[in-house]
Amino acid sequence: MSTPPGFARYADRLWAEALPLDELAERFGTPCYVYSRAAIEERWALYRSALGVAGDVCYAVKANGNLALLQLLARHGAGFDIVSGGELERVLHAGGDAARVVFSGVGKGTDEIRRALQAGIRCFNVESAAELERIASVAATENTPAPVALRVNPDVNPETHPYIATGLAQSKFGIALEEAEALYLQAANDPRLEVRGIACHIGSQLLSVAPLTEAAERLAALARRLQEQGISLDHIDAGGGLGVHYIDEQPPTPAEHIEAISAPLRDLGVSVLVEPGRAIVAEAGILLTRIEYLKHNGGKEFAIVDAGMNDYLRPALYDAAHTLEAVTPSEAELRPVDVVGPVCESADTFARDCTLPAAAGGLLAIRSAGAYGAVMASQYNARPRPPEVLVDGTQAHLIRRRETIDELMSGESLLPEG
Ligand SMILES: *Cc1c(COP(=O)(O)O)cnc(C)c1O
């Protein structure tokens with residue numbers, strides 16, 4: 001049998017590359033995240049080849065910061081988009097190149113700025129005048145000019161979930177376009193700073209490229225005004241945000257994403273950066289979970305699974321819908337069930353009225369769980385976080401083991417006697 005990329009049905013089962021998922025469940029237990037190396041590499045290669053040599057693909061670490069995934073991408077020459085000092089340490093530990101790191105986020109701390117400056121990152125994507133001043137003062141104490149881009153807010157509606165829309169005027173992200181120009185002039189005249197580029201990121205799970213093009217056009221207009229005033233720019237960072245397939249979405253391809261943002265930027269003589277996260281890893285991962293119990297209540301049927309909202313938060317946080325699939329054949333009849341977790345919250349629901357062959361002991365795959373999954377896992381309800389497994393052909397690598405109950409309590413202390 002040839003090795004299919006990612007996850008596919010073959011001989012009545014769902015496989016991760018050349019391994020049946022039921023075998024992985026036996027070996028690693030459930031719940032468990034499973035990723036496909038080939039699927040990640042395929043998505044990476046699509047972005048890499050679409051962007052061409054003049055640009056850099058900076059993978060957004062917050063989508064999935066597992067060290068082995070970062071290492072895999074670093075080996076392919078990836079840049080990285082980070083949002084904290086912790087993510088910087090992960091990238092460096094995984095062998096990533098600091099000179100290809102851009103640092104985003106609205107609340108960078110002084111220590112995080114200092115460490116990033118010392119590590120020699122490519123650029124700080126600055127989110128406010130106050131942050132620009134803080135970066136400049138850290139740069140002065142470190143005696144190293146800080147490379148900066150302003151993250152501007154192009155005020156376009158990305159038509160996505162309000163929690164992941166970031167480019168509207170009334171959002172905490174970015175600097176209004178009208179204010180950016182004056183701040184650029186100030187930064188260009190500040191010896192503690194080196195202006196490198198312009199950055200933006202308008203939102204996530206975008207299913208149309210039109211807002212990305214509109215944002216790029218506004219960035220291009222700003223870039224021209226800055227260039228006319230003698231401010232030279234090394235790059236324009238168009239952010240991430242490309243959507244993926246969860247249920248029935250038809251997202252644009254990485255090539256369409258790159259074309260949509262590159263066209264308006266073509267004649268500026270700058271290199272183009274993108275920061276995809278979800279589009280690289282989401283479809284390359286699943287969450288494997290087992291049905292513990294079936295339960296009838298109020299005329300509804302529930303399948304209670306061993307994964308909870310602590311393991312995978314997106315359905316509870318964003319009301320996100322996912323495709324759920326039975327891993328192995330089942331005698332059970334197909335019927336609509338609500339698939340819920342064991343956590344004591346009604347939001348702990350993975351799917352409503354999902355038609356499945358529901359039987360206790362059955363294995364389910366929650367598809368497209370590779371992004372914003374393991375990274376958002378918590379220990380709520382004192383539940384150890386699940387393991388992560390990377391499948392590479394016929395090999396399965398445990399890239400994060402299941403947490404233990406002792407680890408759950410390891411940082412805590414009891415009070416002294418009395
Ligand atoms: C979250 C984020 C990204 C990645 O977004 P995706 O939708 O996962 O591609 C890129 N850039 C910034 C600044 C972000 O905050």
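Placed from the backbone N, Cα and C atoms, the Cβ positions cover glycine too.
Please treat TrEMBL annotations as automatic predictions, because they have not gone through curation.
These features come from TrEMBL:
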type: ACT_SITE; residues: CYS344; note: active site, proton donor
type: BINDING; residues: GLY241, GLU275, PRO276, GLY277, ARG278, TYR372; note: pyridoxal 5'-phosphate binding site
type: BINDING; residues: ARG278, ARG314, TYR318, GLU345, TYR372; note: substrate binding site
type: DOMAIN; residues: 32-370; note: domain 'Orn/DAP/Arg decarboxylase 2 C-terminal'
type: DOMAIN; residues: 38-282; note: domain 'Orn/DAP/Arg decarboxylase 2 N-terminal'
type: MOD_RES; residues: LYS62; note: N6-(pyridoxal phosphate)lysine
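Highlighted here are the binding-site residues (PRO276, TYR318, GLU345, TYR372) whose C-beta falls below 6 Å from ligand 1: PRO276, in sequence order. In this structure, the C-alpha atom of ARG314 (substrate binding site) lies 16 angstrom from that of GLY241 (pyridoxal 5'-phosphate binding site). GLU275 (pyridoxal 5'-phosphate binding site) sits 22 Å from TYR318 (substrate binding site), taking the Cα positions as reference. Spatially close to LYS62 (N6-(pyridoxal phosphate)lysine) yet at least six residues away along the chain are ASP81, ILE82, VAL83, GLU87, GLY277, TYR372, VAL375, judged by Cβ distances under 8 angstroms. Taking the centroid of the Cβ atoms of GLY241, GLU275, PRO276, GLY277, ARG278, TYR372 as the pyridoxal 5'-phosphate site, the other same-chain residues with Cβ within 8 Å of it are ALA60, ALA63, SER204, GLY240, LEU242, ALA279, ILE280, ALA371. Here the binding-site residues are GLU275, GLU345, and the one with the most other Cβ atoms within 10 Å of its Cβ is GLU275.
In this structure the C-alpha atoms belonging to the residue listed as 'active site, proton donor' and TYR318 (substrate binding site) are separated by 18 Å.
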